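Heads up, the thing below is written out as structure tokens.
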Amino acid sequence: MNVLIIGSGGREHALGWKAAQNPNVETIFVAPGNAGTALEPKLENVNIAVEDIAGLVAFAKEKAIELTIVGPEVPLVLGVVDAFYEAGLPIFGPTQAAAQLEGSKAFTKDFLARHQIPTAAYANFTDIEPALAYVREQGAPIVVKADGLAAGKGVIVAMTLEEAEEAIKDMLAGNAFGEAGSRVVIEEFLDGEEASFIVMVDGENVLPMATSQDHKRVGDKDTGPNTGGMGAYSPAPVVTPEIHNRVMQEVIFPTVRGMAAEGNPYTGFLYAGLMIDKDGTPKVIEYNCRFGDPETQPIMMRMESDLVELCLAAIDKKLDQVESKWDPRASIGIVLAAGGYPAAYNKGDVISGLPQVEIEGEKVFHAGTENKGGDIVTNGGRVLCATALGNSVSEAQQRAYELAKQIRWDGMFHRNDIGYRAIAREQQK
């Protein structure tokens, strides 16, 4: 069978690499892909942009694609799944209406309130004055979010009132995030530990993936601006079996039932970004309608189930008949980024030192890379993800940093403490 994966990041390289392990899969087309997917056995890049819905549909028809997996959020919010359904093509992802869970933060907060799903107290604003009055009344720290999609960067955690006021003015007057910031959500600052809780949903049944923890801030010890993610590890020890059960009962099931009850049944990967507070109460910070990036990379390293079979079961509404199996080892992925990221950065720098042979339990997934005249060059802010398995998070971390050490280009940087919370827990034991 032929498979299509939509996207060009590290997440799509990891999904493609995993899908290629299915013996019945002949070719996995990646649209548009990157230098890593171009080199991966069974994978082939196709020059179609993720926003080109008509082009993707035409290609899937032409190649008789039997499964399409959507990586990024943009095509979901544009309705790629609806278009494939109309053409009678099998695709795993939420419809345009269901993708509002990620596409609009205001929609999500109102949805959570309607279904009594735990989240931070909040208010939505389109005008500057009432928004400023609200933050002055609430005080800092407080969180200001652009309503629409802002590539994971439209969230300002304001530690002072001045920062909050500046963020509101930027988003509502200066329009720092374009269309995404024409409405803001202001919410209480939650204290606790974050976890990424990703599940597969077929409309009613839910299959949990491995837990993970992402590192959003650009700098060590969680300093500097938010990014799309600088590294992740799996499993996340903060999600104990008891908390796992609470998340399923208090967050995931009510979300899936609520979406179905409102006429937007949810099919696809559903990612709940959670804050686990001191007494183990999970609160929803955000939803993503897709697998996380970079969480996908360490999670796929641990996945022992067949990803293609799971996606096909979900499309057939049979997720209750399959199970997910995981390598008991820990996995960690470290993002290698271009100097300047998440602000302006260089493109076109030649990358050297990429591993020539695959070693069990180690993998460099490509994100912002392209082939130029026989060289692999940088083509994005997050360029590569050095990923490794280990018997503990500290062992996985050591292997991943050893792998990262061999790779270089002008201006490359990475965080040096990915996994620090889990490692602190291991050391306490």
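All positions are counted from 1 along the displayed chain.
Cβ atoms here come from the backbone N, Cα and C positions, even for glycine.
In Swiss-Prot this protein carries:
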- 135-196: ATP binding site (BINDING)
- Glu286, Asn288: Mg(2+) binding site (BINDING)
- 213-223: compositional bias 'Basic and acidic residues' (COMPBIAS)
- 109-316: domain 'ATP-grasp' (DOMAIN)
- 212-234: region 'Disordered' (REGION)
Near Ala167 (ATP binding site), how many other Cβ atoms are within 10 Å of its Cβ? 26
Could you give the Cα-Cα distance between Glu286 (Mg(2+) binding site) and Arg183 (ATP binding site), in whole Å? 16
Taking 10 A as the limit, how many CB atoms besides its own sit near the CB of Met159 (ATP binding site)? 12
Hey, how far is Met159 (ATP binding site) from Asn288 (Mg(2+) binding site), Cα to Cα, in Å? 25
Restricting to the domain 'ATP-grasp' (109-316), what is the model's mean pLDDT? 92
Which residue counts does DSSP give the region 'Disordered' (212-234) for helix, strand and coil? 0 helix, 14 strand, 9 coil
Looking only at C-alpha atoms, tell me how far Asn288 (Mg(2+) binding site) is from Val135 (ATP binding site), rounded to the nearest Å. 26
Using DSSP reduced to three states, classify Val143 (ATP binding site) as helix, strand or coil. strand
